[in-house]
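The feature transmembrane segment is assigned by TrEMBL to 47-66, 86-105, 146-167, 174-196, 202-226, 247-267, 287-309, 316-336, 389-409, 415-439.
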Amino acid sequence: MSTIIQGSHELFARENAGIMITTKNEKDAVSEEADAKLAAMGYKAELPRSLSFFSVLGLSFAIMAVPSGESVTLSIGLTDGGPVTIFYGWLLLTIISICIAASLAEICSAYPTSGGVYYWSAMLANKRWASIASWTTGWVGLVGNWTVTTSICFSGGQLILSAIGLWNEAYIPAAWHVVLMYWAVLLSALFTNILAAKYLNLINTVCVYWTGASVLIILVAVLTMAKGGRRNAAYVFTEFDATRAGWARGWAFFVGLLQSAYTLTGYGMVAAMCEEVQNPEREVPKAMVLSVVAAGITGVVYLIPILFVMPDVDKVLAVSTGQPIGYLFMVATGSAGGGFGLLFLLLGIQFFAGVGSLTAASRCLYAFSRDGAVPGSSLWSKINKQYNVPLHALLLSTLIQGLLGLIYLGSSAAFNAFTGVATICLSASYGLPVFVLLLRGRHLVDTAPFHL
């Protein structure tokens, strides 16, 4: 890795000094120029540049999966303060995330490679600290990628089982039921990434429209029907109840921010797709920032009606399946069928999130292995020519995530652990290159097309 880092520093210095890269084929000029810039960073282009700006935007939006992300962690916000924590926590985390996304976007614009955060740490640090900064950022980010995919697919399995509880409130899923359903969801994401790899552009695009339509349908359905009654505005915007938290009021609010922080984590993962996008130095940074803005707006539109039709909180938290959103929909629509109809929309969003997060996690492992930072790197960094994907990286990521699911057999608190680890690791991996840039100075990103 140190050789790559040293060579990349020298090549970038030469390019920034004014060396222009020309292309031979005018039709493929954009792709060739992007490949040439990648070569200047020390890497050979192996993946097809088949993703558009809108596709990368959709991928980032899919990984954050706002409606399902806020729904599967709803019990965290309700326990640690209620509406004030859920709504104002979302606004606070949106502002913070936009700031972080903009900072990462600028760095990504200067160094557009699938290595993402670990490569940026290497390029921004001085030669003495580049290797350790890169290695630390890379492993923290890789663990974050694996655990966020685990939590997304795990909660997807829980949501599917929660549908049974709409008709049978006495149903309590056994731990092995949850693990088997989790594996089924994870495998569906794996097979989609392999067999439908050439359709990922379409899948990510459809995700944006599915999510937008789902939010509008849920908003209209729960507010117009509201069979369980409506809360007043005072409850939605001023109610703060930390009696269930076990923390002091101030601490409860910050603990409850995990709900929003977990949802707003995926934007940095899309840097791993830089080598599959034309004009990555412009398109990926824009997708990072705009996806967070879009997620923030989506969250506000989704959360307000949910809080207005919130049933008795103790009953919501007592749902036996551990995922109360289906129960909330059932109460709001007045029927199990209506509740399942709205829950099905979230399951679709969850599917897109599982596919997108596994895509990003596999590319992260592929890039990190390409620099020799993972045991068995030569295997995980191979591209399968039949499917044009890092097949071994996909399989290893799926295997590790599948094994992590076994933790649930010993502890039902596994899901909260997955969400916590994912949020902490991804946030730390985003913060490290920004911190290095602050220490060393903004001259390192002066030539970035996306400049702050």
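For all residues, glycine too, the Cβ spot is worked out from N, Cα and C.
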Q.
If you count every Cβ pair below 8 Å, which range out of 174-196, 202-226, 287-309, 316-336, 389-409 shares the most with the transmembrane segment (146-167)?
A. 316-336
Q | Region pair the transmembrane segment (47-66) / the transmembrane segment (316-336), three or more CB pairs under 8 Å | A | no
Q) By a Cβ-Cβ criterion of under 8 Å, what residues six or more beyond either terminus of the transmembrane segment (389-409) are in contact with it? A) 47, 145-147, 149-150, 153-154, 175-176, 178-179, 182-183, 186-187, 189-190, 193-194, 197, 358, 361-363, 365-366, 369, 379-383, 415, 417-418
**Q.** Contact ranking winner - 202-226, 316-336, 415-439 against the transmembrane segment (86-105), Cβ under 8 Å
**A.** 415-439
Q.
For the transmembrane segment (247-267), give me same-chain residues lying six or more residues beyond its boundaries with a C-beta closer than 8 angstroms to one of its C-beta atoms, as numbers and ranges.
A. 60, 62-66, 69-70, 73-74, 76-77, 79-81, 84-86, 89-90, 92-94, 97, 101, 104, 144, 148, 151, 240, 288-289, 291-292, 295-296, 299, 353, 356-357, 360, 419-420, 422-423, 426-427
Q.
Ranking 174-196, 287-309, 316-336 by the number of C-beta pairs under 8 Å to the transmembrane segment (202-226), which range is first?
A. 287-309
